[in-house]
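Before any comments, here is the structure.
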Amino acid sequence: MSDTVIQNPEPNYLEYQGRYKGIFAWIFSTDHKRIGLLYLYSMLVLFSVAAILGLLMKIELIAPGKTIMDAQTYNSFFTLHGITMIFLIVVPGLPAVFGNFFLPLMIGAKDVAFPKLNLLSWWIYILGAAVALSAQFFGDGPPDTGWTFYAPYSFRTGTNMLPAVTGAFILGFSSIATGLNFIVTIHRMRAPGMAWMKMPLFPWAIYGTSWIQVLATPIVGITLLMIVLERTLQIGFFDPALGGDPILYQHLFWIYSHPAVYIMILPAMGVISEIIPTFARKTIFGYKAIVVSTLAIAFVGYFVWGHHMFTSGMSGTALYTFSILTFLVAIPSAIKIFNWVATLHKASIDIQTPFLWALCFLFVFMIGGLSGMVLGALSANVHLHDTAFVVAHFHFIVFGGTGYAFFGALHYWYPKMFGRMYDKGWANIGLAVFFTGFNTLYLPMFYLGMIGMPRRYYDYVEEFHGPNIVSSFGAMLMISGLIIIITNLVRSARKGEIAEADPWKGKTLEWTVASPPPLENFAEIPVVTKRPYDYE
Amino acid sequence: MEKEQHTHIVKYKTYVFVLIALLFMTFTSVAITSLNLGPYTVSAALLLAGCKSLLVLLIFMHLKFDKKFYAIMAASVFLLLGCVIFITFLDYLYR
């Protein structure tokens, strides 16, 4: 992309000592790379907690009846698992960690457009997380509504709803500020010569995502505020007893929360679009088609929210419309899959850990996407709605999509972020155990849903026992894989081999600076003369 | 990447006129609730709110003086919102 490797005499961002020392040098730093790592560490802690909750739920489901927890505890566990995973990890995940760290590097900028706003976003994130999680420890017991806070139950339950809803509301501001920052950065700070069609695909994905963050998040913010007002002031927005409409809540919630799925998946697609050409040693097939499909997903993704509500009692006209639109949104997603596969055709593939993560992503994302088509069909949806099938589909998309891309990104950019290489053998073993566990955990849930097992119940009839044992075993295997992966990465940050500036022979700008990058990224802003994946 | 633009300085007089217009429309919005317009009450309130937003966007947020590109982007957002409202009403009008 740029012709020369720029060596910078400046200290790298990990060694730089500014005004503050110790932990304060991190939590008051406006450097985009340090902020990216702050998000990473925060999310790692929260992810561990939420994953353990998930494991405990699967242990509860290993046998019918009460195993290790009662029904109310199970309800609060799936609520906390959902709130933490969605609002604190998956929605902010890739943009906040890798967008922050790599967007400026990939477009040839020294930082984001508003570094102080960037730091403020992280502080708001921490505040939102603290408020949301405080619901577990104070008041009338942990919330039990599920992460969707569906009305009218969310203002009739006696549990501690307000902090959870307020926390999610606060987190929205962090998301909006980050999105705004990235949009301005991409518009105003691209390196000379980097025309829109010379921009790498990860920044493109971040750009599409940021627009969704800015435009859709206020809707959920207002909706959550309406719940607070309804609970505290008895204003009838959603409660039929007060003259409200509970389906209106579902509309408003999903008008945000479905585009939020694309906030989760678009950056993941961006990561895969970086990894595949790098290890295929080949220009990505259909660059423009991928860009257009990114924007098309961001746009059409706004209009499909109703497929979460097929059994809610919507009009027939709305049902048909949402079903058709849902099938339409699959087209741009499929375009990306075809382009990635076409890139691999006749390529000289270098099989490394990040590439294996990308391949696994393709496998699980395809299953997630195609099962989404099943749910998008009205007739099948009526049968499968609120069953374990939906949980399996959702996890194949969100964990299989965003989660795999997140770990793929971590293994891809790790040497750049920390200046050290992880143990590749252990990384591959971890992935193999994780991938086996993941499929053992979630594939039986498709079957369980089809034979009628409802979601969000701590108990079930004997008929569902066998697949649940397999699924619970899969959960344990998957967690074992995660432990191997995370231990390897944590250990390697201090003890791994020193990494080269460009260990994967990548062509985008982040590989032209030293590993770890200098504080201000580039001694001189690079001039871009080539397209981003120029392997010819 | 993008070239620097000329800064357009808006006269204070214009800002004052816009402020007065905004205040006038706010009072009108409040006053209109006392009239019995039936089903048009919400439409009237939304129309006034739309005019106020347009003034803020054009003058205070400088869309009028900025590149056409930004005006198109802002208009696209409203188009998107319009589509969302239209689709929502496919449920409410045909339920």
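Cβ atoms are placed via backbone N, Cα and C, with glycine included.
Per TrEMBL, the feature domain 'Cytochrome oxidase subunit I profile' maps to A:20-529.
The feature transmembrane segment is assigned by TrEMBL to A:37-57 (among others). Outside the transmembrane segment (A:37-57), and at least 6 residues removed from its termini, the chain residues within Cβ reach (under 8 Å) are 26-27, 29, 68-69, 74, 77-78, 80-81, 84-85, 88-89, 92-93, 96-97, 100-101, 122, 125-126, 129, 417, 475-476, 479, 482, 486.
As annotated by TrEMBL, transmembrane segment applies to A:77-107 (among others).
Residues annotated as transmembrane segment in TrEMBL: A:119-139 (among others). Nonlocal intrachain contacts for the transmembrane segment (A:119-139), taken as residues 6+ away from its ends with a CB within less than 8 angstroms of a stretch CB, comprise 28-30, 35, 38-39, 42, 46, 76, 80, 83-84, 87-88, 92, 96, 159-164, 166-174, 177-178, 181.
For A:159-184 (among others), the entry in TrEMBL reads transmembrane segment. Only residues 6 or more beyond the boundaries of the transmembrane segment (A:159-184), in the same chain, are considered here, and those with a CB under 8 A from a CB of the stretch are 76, 79, 83, 87-88, 91-92, 95-96, 99-100, 103, 112-114, 117-118, 120-122, 124-125, 127-136, 138-145, 149, 206-207, 209-214, 217-218, 220-221, 224-225, 227-228, 231-232, 263.
Summarising the annotation, TrEMBL assigns transmembrane segment to A:204-228 (among others).
Note on the transmembrane segment (A:248-272): residues 86, 90-91, 93-95, 98-99, 148-151, 175, 201-206, 208-209, 212-213, 215-217, 219-220, 222-223, 226-227, 237-238, 294, 297-298, 301-302, 304-309, 312, 336, 340, 358, 361-362, 397-398, 401-402, 404-406, 408-409, 412 of its chain, located 6 or more positions outside it, place their CB under 8 angstroms from a CB of the stretch. Summarising the annotation, TrEMBL assigns transmembrane segment to A:248-272 (among others).
Residues 197, 201, 204-205, 208-209, 211-212, 215-216, 251, 254-255, 257-259, 261-262, 265-266, 269-270, 273, 276-277, 322, 325-326, 328-329, 331-333, 335-336, 338-340, 342-343, 345, 531-533 of the same chain lie 6 or more positions beyond the ends of the transmembrane segment (A:284-305) yet place their CB under 8 Å from a CB of it. TrEMBL lists A:284-305 (among others) with the feature transmembrane segment.
Look at TrEMBL and you will find A:317-342 (among others) tagged as transmembrane segment.
TrEMBL lists A:354-378 (among others) with the feature transmembrane segment.
The transmembrane segment annotation in TrEMBL covers A:390-414 (among others).
Annotation comment: TrEMBL describes A:426-449 (among others) as transmembrane segment. Here the transmembrane segment (A:426-449) has Cβ contacts under 8 Å with residues 58, 353, 356-357, 360, 364, 371, 384, 387-393, 395-396, 399-400, 407, 411, 455, 464, 467-468, 470-471, 473-482, 484-485, 488-489 of the same chain, all six or more residues outside its ends.
Residues 44, 48, 51-52, 54-55, 58-59, 61-63, 407, 410, 414, 422-423, 426-427, 429-442, 444-445, 448 of the same chain sit 6 or more residues outside the transmembrane segment (A:469-490) yet have a Cβ under 8 Å from a Cβ within it. According to TrEMBL, the feature transmembrane segment maps to A:469-490 (among others).
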Worksheet item: Sequence-remote contacts (6 or more beyond its ends) of the transmembrane segment (A:204-228), Cβ cut-off under 8 Å?
Response: 95, 99, 103, 149, 151, 154-155, 161-162, 165-166, 168-169, 172-173, 175-176, 178-180, 182-183, 186, 235, 237-238, 249, 252-253, 255-257, 259-260, 262-263, 266-267, 269-271, 273, 290-291, 294-295, 297-298, 301-302
Worksheet entry | Cβ-Cβ under 8 Å with the transmembrane segment (A:317-342): same-chain residues at least 6 beyond its ends | 269, 272-273, 276, 284-286, 289-290, 292-294, 296-297, 300-301, 303-307, 309-310, 358, 362, 365-366, 369, 372-373, 376-378
Worksheet, complete the sentence: Per the Cβ under 8 Å criterion, with at least 6 residues separating them from its ends, the transmembrane segment (A:390-414) contacts 85-86, 90, 93-94, 97-98, 101-102, 261, 264-265, 267-269, 271-272, 274-275, 278, 353-354, 357-358, 360-361, 364-365, 367-369, 371-372, 374-375, 384, 420-422, 427, 431, 438, 441-443, 445-446, 448-449, 455, 485, 489, 492, 504, 510
Discussion item. Let me spell it out: take the transmembrane segment (A:77-107), skip the flanking residues so only those 6+ beyond its ends count, and list any with a Cβ under 8 Å from a Cβ in it.
Written reply: 32-33, 35-37, 39-40, 43, 46-47, 49-50, 53-54, 56-57, 69, 118, 121-122, 125, 128-129, 132-133, 136, 142-148, 164, 167-168, 171, 174-175, 178-179, 182, 185-186, 189-191, 194, 199-200, 202-203, 206, 209-210, 213, 260, 263-264, 267-268, 270-271, 398, 402-403, 405-406, 409, 413, 417, 456, 508-510, 513, 517, 521
Discussion item. As a test of reading the model: what is the averaged pLDDT for the domain 'Cytochrome oxidase subunit I profile' (A:20-529)?
Written reply: 94
